[in-house]
Amino acid sequence: MKKQHSKFLLPGILMVGVVLRAPFAVLPVVLGDIAKGLQVPVNSLGLLTSLPLIMFALCSAFSPRLAQKVGLEKLFTIAMIVLTLGSFIRIFNLPLLYAGTIMLGAAIAVLNVLLPNVIQANQPEKIGFLTTLYITSMGLAISIMSPLAAPIVRLAGWKGLILVLTFICLLACLIWLPNSRHNHKLTSKNREQQMGSLLKNPRVWALIVFGGLQSLLFYTAITWLPTLGQLAGLSNDATGFLASIFSFISLPLAMTIPSLTTRLSAKKRLGMIALFSVTGMVGLSMLLVKTDSFVYWLILNLLIGMSVSALFPYLMVTFSLKTSTPEQTAQLSGLAQTGGYILAAFGPSLFGYSFDLFHSWTPAIFILIGLAAIVTLTLFYIEKFDKI
């Protein structure tokens, strides 16, 4: 592979991180406004968060094959164009809102899976720095846009917010474009036999379940916490601020959990992550209390946000800790992300539809608490073995 890269690589990776989640993760803050504008029930829009996850699951497995044919940097350019177009067409009507969201999900799936390969192909000596860069920019983008979403909607409507997000996608696309001149193609290797053996391994399935339920809890929380807060009596501005806190808490954890996970002993590592997992269960349990206290909802968002934000970087590092070779790490990561997103895709939609079924949010909240308990139990199993 060529080691030459564009001077736009670093700003390009930074901007890719910015658009990895924000184009769809910001919308839950103003879900009520979108539902009102489209004249549909608000609980029916949980699909807006589920659709990207479904596309993550469907497209993750195909991304490496596309990179073999097209090349990493050129494929990224195509994905950024699809991302921008998908974001733009969401403003027209409900069918195009869903179609654009599907396009977003497919494009982000490609970026999500192959970004580590782009970093390794261009600057393998800076994997740690560049990985931290895009994870941090991803969280920072949501933290900044979430509190701005409600004011933008008041000034320009929900379509105005989507146009702002589309402009950011377009800017990211233009900044990435020069990198296409330094295109790297993935080498083709047959790993079907190794993949089959991984699928028969119960330890691998434990990681898939852990990753899937962690993602399910994260995306269900980020989709519905703002709406639940508004239903409890909080203003759009207040829930927007809480959403930014929920996202912002991920930044320090993303920068500290990976190093702690590798440095701590297995016993201390288990204790640390189990504490975060139980913290999430406490936060979810607080949803059962009906109150419009801002401080109460702030504590609730902090507890749930800390939990899901700590579990994700732990999972990413665990892929390396529990495998013996880089190839096995890549295979495990791909399987866990594909299977995990399949589980996660059902969370936001089923949480919304549960209200139609039970006319109450309480049953769904109890289910989330139960799933958080399963995450904790799975965690104990994962930390019992050294390698898969």
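Each Cβ is built from the backbone N, Cα and C atoms, and glycine gets one as well.
Among the features that TrEMBL reports, domain 'Major facilitator superfamily (MFS) profile' is placed at 9-387.
Annotation source TrEMBL lists transmembrane segment at 45-63 (among others).
As annotated by TrEMBL, transmembrane segment applies to 75-92 (among others).
Residues or ranges marked as transmembrane segment by TrEMBL: 98-115 (among others).
Under the heading transmembrane segment, TrEMBL lists 127-150 (among others).
What TrEMBL lists as transmembrane segment is 156-177 (among others).
Distant neighbours of the transmembrane segment (204-226): 25, 28-29, 31, 46, 48-50, 53, 198, 239-240, 242-243, 246-247, 280, 300-301, 304-305, 307-308, 311-312, 315, 318-319, 322, 332, 335-337, 339-344, 346-348, 351-352, 368, 371-372, 374-375, 378-379, 381-382, 388; these residues of the same chain sit at least 6 beyond its ends, with a Cβ under 8 Å from one of its Cβ atoms. The transmembrane segment feature in TrEMBL is assigned to 204-226 (among others).
Annotation source TrEMBL lists transmembrane segment at 238-258 (among others).
A Cβ distance under 8 Å defines the sequence-distant neighbours of the transmembrane segment (270-288), meaning residues of its chain 6+ beyond its ends; these are 217, 228, 260-261, 264, 296, 299-308, 310-311, 314, 361-362, 365-366, 368-369, 372-373, 375-376, 379-380, 383. Positions annotated as transmembrane segment by TrEMBL: 270-288 (among others).
Residues annotated as transmembrane segment in TrEMBL: 294-317 (among others).
The transmembrane segment feature in TrEMBL is assigned to 338-355 (among others).
Among the features that TrEMBL reports, transmembrane segment is placed at 361-382 (among others). Non-local neighbours of the transmembrane segment (361-382) in the same chain are 203, 206-207, 209-210, 213-214, 216-217, 220, 228, 270, 273-274, 277-278, 280-281, 284-285, 287-288, 307, 311, 318, 322, 350-351, 354-355; each lies 6+ residues outside the stretch with a CB under 8 Å from one of its CB atoms.
Long-range contacts of the transmembrane segment (75-92) within its own chain (CB-CB distance under 8 A, at least 6 residues past either end) are made by residues 16, 19, 23, 63, 66-67, 99-104, 106-108, 110-111, 114, 118, 159, 162-163, 165-166, 169-170, 172-173, 176-177, 179-180.
Highest Cβ contact count with the transmembrane segment (98-115) among the listed stretches 45-63, 127-150, 294-317, 338-355 falls to 45-63 (criterion: pairs under 8 Å).
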